[in-house]
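*Asks:* According to TrEMBL, the compositional bias 'Polar residues' annotation covers A:378-394. Summarising the annotation, TrEMBL assigns compositional bias 'Low complexity' to A:395-407, A:438-452. The feature compositional bias 'Pro residues' is assigned by TrEMBL to A:501-511. Per TrEMBL, the feature region 'Disordered' maps to A:378-419, A:438-514. What TrEMBL records for A:20-43, A:55-79, A:112-130, A:157-179, A:200-226, A:262-286 is transmembrane segment.
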Amino acid sequence: MFSSDQSCWFVRKVICWRAVASMAWSVLLLLPTTALFVLLSRFSLFHPILWMSECLSLLTSASAIFSFILLCGVVLMVGFFNLEYYTVVPSIACSKIALLGQVLHPRQFVHSLVHCIMGVVVAWCCAFTIGGRYRSLGHPCTQDESSSGPEMCLNEYHLVLLLAGAFIGYSHSLVGVVYNMNYVSFHTMQQYKYLRFKGALPLVVKASAVQALYCLRSFLLLYFFMGYAPRAWICKTLDLSINSSIHSLDSVSSLLDLSLLYHLWISGTFLLLTWYITVLLFRIFVTEVYSFPVQSTFTEDAHQCLPKVITGTQPMILKFLALQDLALLSQHSPSRRLEVFSLSQPGGHPHIWTALSKECLSLLSDLTERLVAHHDTVATNGRAKSQSTGSNKRSTTSSEGSVTSVGMEDMKTPRPSALIRTPGSVFLRSSVGAGLRTPLTTPFTPDLDSPFSSPALRRLTGPLEPQGALSPGFSSIQSPHVMRRGPKLWSASTDSQLNGSPPPSPGPAPSPSQAQLKPSFLVTFLQNRKDQLPEASSQALFADSQVHIWALQGLSHLVAASFSEDQYGIVQTTLPTILSTLLLLQEAVDRHFKLPHTSSKPGHCSCSMGDDSYKTLRFALRSTLKTAVYRITATFGGHLHAVQMSAEHRKRLQHFLEYKE
Amino acid sequence: MHHWTKRNVVMMCSLALFPPPLSGDGETSQYNESNTDPSVWFEDSPALNLYFPRESLKPHSRQESSSKSAFRDHCETLYTRSAGAWRDAGLSGLLNEIANSSAEVPKWLGVSSSCVLALLRWVSSFHSSLFPHLTASLSDCHYLALCLQLSSEEMTAEFSQVLDWSDCAVRGFAWHPHTQKCAVALSDDSIKIYNPKSATTPTLKHRLQRSVAALQWKPLCASALAVACHNCLLVWHVDPTSLSTRPSSGCAQVLSHPGHSPVTSVAWSPNGPLLVSASPRDTALLVWDVAVESCVPLHRVGGGGVTYLSWSPDGSRVLAATPSSLFRVWETRMWTCERWPSLKGRCQSGCWSPDGSRLLFTVQGETVIYALTFTDNPGVPLMMSGGPKAATVVADLSETTLNTPDGDIMVGGEIQSLAWDPRGERLAVHVKGDAGAGRPAMIAVFKTQISPAFKLLPCGFVQGEAGTEPRLMQFNPNYQHGAQLTVCWSNGKITHVPFCFMSAGNPQPGLGGSPSFPLTQGRPADYNNQTLYTELIS
């Protein structure tokens, strides 16, 4: 098939090489990081010369080189997982249950397991590097009562370090799901890779240090209560005995050993830092601008040109990079714009402009339809319940069908049932169907039969439904007046909204096994349970809006440039369509932002590597849309009166012309 | 690295060629070129001649401290006050509080906290200029001394484009780039928005809106107004159709970044969603994506802060001046910059030609205007293209004596700010003057021509009522019949001075059939023909 062929060349020629380059750089950066770790871990204030000479001799020893090779292997593995798991459209769990489903997905399980093991490997390297009492798992000891000679005892310091590594590796994987660490976002500002890395490095160091601290706290708590279990297990399997002359480490006094804490923390920081640097480099490399040729003189390269690439759907990163390139060329590159406005040589058709504008417009009208469908669902107050079942079945099948047909990109979204909720699948499906012009089924209709449905919607529709099961206090919270008043425009903190609505039924939270074994219980549970993530449905609607933002920027800049650069007047023919599409979208976006919870800003989590820019994409889209319309009206001015359009749109446009929007 | 090679041309004093200012002291501001009533030239709407007498505005700093002292009981224990200061202003606030209440604390604590405070200020302003450029080291030392003795408010006054900022009733003025609407920042920390077509005058007040240093409307938007405040940036969204006169503080986005205070300059990108902001205490230039409230700090070594920003009208470059004798020109495609270590003093002000190809700037302590020419394509990074290698002096505004019927007057001096009208036909130069030496602050206006060659011609002076001096000026970007310069005077009046001309390059179509506009009749005709500066085309 054509699209698979196309995806092959791009992934093979560009994405893989970018990933390889990022891994190579992370391996190179491992050298200074390791040296720094050695220096810091063996730090002694009172013997500086001894300290330096010890570090130097350690760094040049053969065993250090062996552990360095191990670390390189770990970094390469992390890089490979980055490449395999990254996504440009975040999977947004619309409810906490869906999040749980993501965490328990087999794919995620593999990720966690491998990271856990890699954490142990890194921790072993750390223990080896620090040396001293951490060096090996067993040490010779003489028990009091037996005088039969030395036997091997368990070195609990070593064990604690290894377990901490495993814990941090697992929590890295877990936090990665919750904060969408595999999401790769694109930046508004273009910067060179080195400068971007340099700018982000202090943040990464800070994030890893802070994250290591949090992990350490949780780990110590866990070890304090559960530490005996792994210790006994290790002793049993490795036939080690416990040295009774030394206190075991799961007591308050021995866990508060400052030197132990410092070494645990610095090892955790080192582990997270190397991994975060790998993630950061991968993000920087993979989002680098790729300049596609606008047209090609050779027909065999035609599939690599912008008009062809932009209409493709797979891989997703290709579409994103193509639209980014379109937005940039429309702003910065007059010569490439000229190619867009050119006519085909035999025939004189504006094929390039037609292809580009058609794709952008179909993207934008897809978004409009999606917003209208969402709004209708919310407005019908759950009456869509009965009729939505059928449509939802359809959407399920169609999105699962797309899963099988598409490649690695879709595998980023962990579960098929979560896939229904992610707009990525909507996007895929709608752009697959763009040629066929199939009517878009509403993807966000709540499906009460599914345990992983999006109850955030039902939360929105909730207040007007008769909810007998709810406590009166909760339904008063749900009253629309309160909901409207709650999220103020631009209010900074949403914590109160996130945590403010208490769970109405004080039933016990289901354990994971319950969630999987008893779906019937879960359905009833979910129908009553309403403490969902309120903004999530809105976030999910706009999860892939980066492409819409670029489409808006590209279209509006091209139209504005056509005022002086378009020699053949080809843009004029599409101007009415463009304007009406923009105004329709503007209307839909305005209506969407009148819904509760949509205009409240999420709080920034500053000290984490997770990229939360998807949470604010809707604001970026709204602002870009307005700017795009203004850009066209400011350029064309009164000439727009000559454009054919409906009276309603003319009125709206007049507002823009008078700067009253 | 670019170095100055000042052209070895004996620059004659430019102002000597100017027609002497009129001696009369009329009601309105006077302009020698065409002495017309400025209020006539608004389209079909009432004139925006505004007047803010200083007495009507509560003095800014007094109000702040007095309200604080009214609410915070001074009998509170030192501990409570310190906790409050810690909450309000962090560590430096706490140290300040301790240092100020020396009577209650042990002597060693007061002394040590003042020392730490001074050290903190020094570190925060210098943490990235550890290796100052050799040529810049002297003035960096000067800046060090400056920073240690300046409070935030004094710093804003020092680096603001407004002359005598702390004493001024009008602290900022911004025309909307597309429509006849303006925002005025007053010394009582409020901002008023005037629209001749609407009866309501919204007043913007916000808890964090203190010591406003600059404000600018967002291009390609009807409502967004960025305000540089004491320790944050505010972006107001003032609905133009709303009838409310007091938009709530919920209409304002608060953009703050640790260490980025006081904010002294803001600039919107002319065609995008980006906003840059600068603070003399922060070495980074912040580039904000306002819609999502995220920022990217652009750190560069040297300079010790950023004081003034100006985005070129074509969007391709940004001028960033630092408090030391160094400024940078960023290109906005990949955000790389080139350094311009200047000869002496810091870059005080700058302005771009409408096509973004030429930058005029002035240096503190000098009386000349320099020009830089950028010939490259906007898409290409500066490093790789043939940017300018040297700045040229295009005008010299050193002191000179002009003969008027009332006697000789002294004009000229250091330059406070520059403004170039959006069509590139007039250049207004705000000369600081020296009241003690009998040289009043005034605005000198040049005629300019950009293509085919850059030319500067003398035009005239803009004078206010007797005893007043201009504080702030800006060209109205929406004036149809030429250029219109809005001037805020020291007595709190805001007037608009029209310059009516037929644009040589592109004659305005609407202007052809209306003979009622008095076109430029250069009164002293012989002055107009003497070109001050012509670019040599080689």
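Each residue, glycine too, has its Cβ placed from N, Cα and C.
Looking at the shown structure, what environment does each listed feature sit in?
*Replies:* Note on the transmembrane segment (A:262-286): residues 15, 18-19, 21-23, 25-26, 29-30, 33-34, 37, 40-41, 71, 74-75, 78-79, 82-83, 86, 119, 122-123, 126-127, 130, 134, 160-161, 164-165, 168-169, 172, 181, 184-185, 193, 196-197, 200-201, 204-205, 207-209, 211-213, 215-216, 219, 317, 609, 611 of its chain, located 6 or more positions outside it, place their CB under 8 angstroms from a CB of the stretch.
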*Asks:* Which one, A:55-79, A:157-179, A:200-226, has the most C-beta pairs under 8 Å toward the transmembrane segment (A:20-43)?
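*Replies:* The listed stretch sharing the most Cβ pairs with the transmembrane segment (A:20-43) is A:55-79.
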*Asks:* Check the transmembrane segment (A:112-130) against each of A:55-79, A:157-179, A:200-226 and return whichever range has the most CB pairs under 8 Å.
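*Replies:* The stretch with the most contacts is A:157-179.
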*Asks:* Could you pull out which residues elsewhere in the chain have a CB under 8 Å from any CB of the transmembrane segment (A:157-179), counting only those six or more residues past its ends?
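*Replies:* For the transmembrane segment (A:157-179), the list is 99, 102-103, 108, 111-112, 115-124, 126-127, 133-137, 211-212, 215-216, 218-219, 222-223, 227, 230-231, 234, 249, 260, 263-264, 267-268, 271-272, 275, 414, 605, 608-610, 612.
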